[in-house]
Amino acid sequence: MRTGSAINGANVTEDIPWLYDINLDDTNWIITSSFMIFTMQTGFGMLESGCVSIKNEVNIMMKNVVDIVLGGLTYWMFGYAFSFGRSSYDNPFISTGDFLIDPDIDDPMKGAIYAAFIFQLSFATTATTIVSGAMAERCNFKAYCIFSFWNTLIYCIPAGWVWGHHGFLKQLGAVDIAGSGPVHLIGGSAATAAAIMLGPRLGRYDNGIAPLPLGSPVNAVMGLFVLWWGWLAFNSGSTYGLSGEKWQYAARAAVMTMISSFGGGAFSILYSLILKNGRIEVLSIINGILGSLVSITAGCFLYRAWESLLIGVIGSFLACITMPMFDKLGIDDPVGASSVHGICGIWGVLAVGIFADNPIPLNTTNGLKGLIHGGGFYLLGIQALTCLCLVTWGMCSCMFLLFVINKMVVIRMEVHHELLGADLTEHHIKHGQVGVSRALSALRPVLDTSSVENIIAVGLNPGHDINLKSLKNMTNKKKYKLSKMLRDITKNRNFGINVARQLFPNKKIEKKRSLTVKRNNLITPISSDAKFPPPIPWLD
């Protein structure tokens, strides 16, 4: 903290936490980065929906929506207060001020407070959504809503340990610039705990541990690109401004982030080519790159280029080799969050203790250096302690929360719901050609399926089916010309501007009709011998 700083042009004489020690340029950078980080929710949603079966893709997207809405609400209510609140009751474990944050209009720090909140909110929603992928395809949606509401507690308390002015890990000298620990390691640990508590998907390991087919590989890869984009703001934005020398390290963070992903991507391609008989496996490439991004996050502007490349390669290696290991243990994680965010999160935090350099003149590391830069083992020891604390908290708190929720609402989806798919049973969205019809046929003798039998499949226009049946009946009875068949099924229907007869009426007919109306004061049918314009082109 400093005394007598200027916040957005106003002179303030009280002590200012680092979180609010920013100027106008810093605030602009922080808010812009926050908006970019928020787009990572789109990336997570696309990636997760692409990794699950088609009959559950809407359900996983809705879980991401719930994470933002309910998780964001609780973060505003108490999450931010537990991480960064200011109160006389603050202690090394938790802070207790600034609940329902809403500074007064005459508060000189209101701009800094709003900027800090929106930035930390973007981190919080990212951390909570990591867990949804590990719970995919067998979690009761109502139970997940309760979990998402309280999942803020799993993130916000350890975030305060590492980043809050009161945090015991911060006071010991722990360094994590952008969240390999508080965001990814906490999310990955909670994901592992959730996967253990839920158990594997029905039939997941009946045919071995080989990965299941992706529901939409294109969606999964598109999700990777969106996350890649958001990660640049995630890491560069964590310089927390551009004033002074911060702008140089913001640029360095962006470059090192990309170099790390180059190393991770290159390794995952080689890994796939060698171990998958020359195939480029989509999920291995995606998670290899994401693993490298998680790994570089904790010390994104503390490394040289070759160090970033090496950190990315090791992160990708850990992600690729540990995914099948979790499957061997019977821990079913459909998106690999336990490996990508959990294992690579540990490596990212430890890498700071090995490779970090002192970013003069910033005090990011409090003057400490990593092992290879002559800093000794102190920083590495603190980073190891941070990993231990975060993993223990993430797994234990998640298991406890799910245990309590399960007493109120069973967290595991019912078996017949899992067979039918959560899109149908939870959201009344029916997909075609994904096994739903077979599941309904098998369950119909023993289960009342009337509520879902007549749901229209996604992407279909039922009116088209009716007209196609009419056309089929015509072709069965008599050989018609296509133009006559199409005119028959469109007879007496309003097609707006495409109805040429209404737009360009025949003048003779209109004159005859006008005379008839005047004579009889009503509209009479037009004679059958009237000549109409040629057929509408699109009907032929």
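Even glycines carry a Cβ here, placed using N, Cα and C.
Listed in TrEMBL:
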DOMAIN    29-428  domain 'Ammonium transporter AmtB-like'
TRANSMEM  29-52  transmembrane segment
TRANSMEM  64-82  transmembrane segment
TRANSMEM  112-131  transmembrane segment
TRANSMEM  143-163  transmembrane segment
TRANSMEM  183-202  transmembrane segment
TRANSMEM  214-234  transmembrane segment
TRANSMEM  254-275  transmembrane segment
TRANSMEM  282-303  transmembrane segment
TRANSMEM  309-326  transmembrane segment
TRANSMEM  338-356  transmembrane segment
TRANSMEM  376-405  transmembrane segment
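Only residues 6 or more beyond the boundaries of the transmembrane segment (29-52), in the same chain, are considered here, and those with a CB under 8 A from a CB of the stretch are 22, 58, 60-61, 64, 67-68, 115-116, 118-119, 121-123, 125-126, 129-130, 132-133, 136-137, 214-234, 236-242, 250, 283, 286, 334-335. Counting Cβ pairs under 8 Å to the transmembrane segment (112-131), the top-ranked stretch among 64-82, 143-163, 338-356, 376-405 is 64-82. Between the transmembrane segment (376-405) and the transmembrane segment (143-163), the number of CB pairs under 8 angstroms, six or more residues apart, is three or more, so the stretches are in contact. Between the transmembrane segment (282-303) and the transmembrane segment (214-234) there are at least 3 Cβ pairs closer than 8 Å, counting only pairs 6 or more residues apart in sequence, which means the two stretches are in contact. The stretch with the most CB contacts under 8 Å to the transmembrane segment (338-356), chosen from 64-82, 143-163, 183-202, 214-234, 254-275, is 183-202. Per-residue pLDDT, averaged over the domain 'Ammonium transporter AmtB-like' (29-428), rounds to 95.
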